[in-house]
Amino acid sequence: EQENSTTTVKKFFLFGFTESALLQYILFPTFLIVYAMTWLGNVTIITTVITDQQLHKPMYILLGNLAFIDLSESSVTLPKMLWDLLSEVKTISFWGCITQMFFFHFTGGAAAILLIVMALDRYVALHKPLQYLNIMNHNTLLGLIAGAWVAGFVHSIVQVALVTQLPFCGPNFLDNFYCDVPQVIKLACTDIYVVELLMVSNSGLLTILIFIVLIVSYAVILIKIRKHITRHKAFSTCGAQVAVVSIHFVPCIFIYAHPFQKLVVDKAMSSLYTLITPMLNPMIYTLRNTEMKNAINRLLNNIFFRMRN
């Protein structure tokens, strides 16, 4: 009884993507390139927004914050995963696992709320252009960004609190390439039915509601502005955000909205959310936004000019 009521597990073993050594050596350079492109794209956006005075606007400040979150989120899981691809034994300490879960849901929660803020920003910009700068002033913008981070922290601390109160006494094998709540709570030495319901509510149901709110918001924006601007400008303005929202939330809904049962495609959906989305976001915004592309070109020209001199 004592063993079943206390945590005796000191570390977890990760199965990773595959047990094939050959496939692991193929995946390593692939994911290394993905991580490098994630850094390149997001750092480029952050640097451009900071250095270019023409981008010191609410929309681009929010975009810079999203790039920082994407960079942080991918760095929570990818470096450890790359290390494990070259390791025969893939382990993570118990508290290392808890820490990874905390920062993963911290950045993920902040990203979800920030996407709502970005939808609100687009609505104000397109529906009330004359009052836009007064409504989205500096203090309001800082408050909204801080609110996104606080909401992410609260969401994450609830997740971690529910996990850490569970007893873990073995087994300690995680069928994933990083620590996440659905797999970890399955290893608890107690009945987890109530905890599963709380997790589904905290992550799955909340993710669905936010996704619905965002899609409805962008639909309302398009309906409101269809008589005032051309269809091309409307879709150009909102298309990038809709794409980012979709690739961010659809995998999350798949992972967290169903009861925590093991599915064949779980790892594929997890990799899409943790690895691919942070890389794609800067590409989508850059390709869909002429002002951002021009600013990046100015930044690159300045860098090359300084290097030549």
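Glycine is treated like the rest: Cβ placed from N, Cα and C.
TrEMBL annotations: computationally assigned, not manually curated.
Among the features that TrEMBL reports, domain 'G-protein coupled receptors family 1 profile' is placed at 41-285. The annotation transmembrane segment is assigned in TrEMBL to 22-47, 98-120, 141-162, 204-223, 235-256, 268-287.
Only sequence-distant pairs (6 or more apart) were considered; of these, fewer than three Cβ pairs between the transmembrane segment (204-223) and the transmembrane segment (268-287) are under 8 A, so the stretches are not in contact. The average pLDDT the prediction assigns to the domain 'G-protein coupled receptors family 1 profile' (41-285) is 86. If you look at the transmembrane segment (268-287), the same-chain residues 6 or more away from its ends with a CB under 8 A from one of its CBs are 17, 31, 34-35, 37-38, 41-42, 44-45, 63, 66-67, 70-71, 73-74, 77-78, 104, 176-178, 180, 240, 243-244, 247-248, 251-252, 254-255, 293, 296. Residues 58, 61-62, 65, 98, 101-114, 117, 120, 181, 185, 195, 198-199, 202-203, 206 of the same chain lie 6 or more positions beyond the ends of the transmembrane segment (141-162) yet place their CB under 8 Å from a CB of it.
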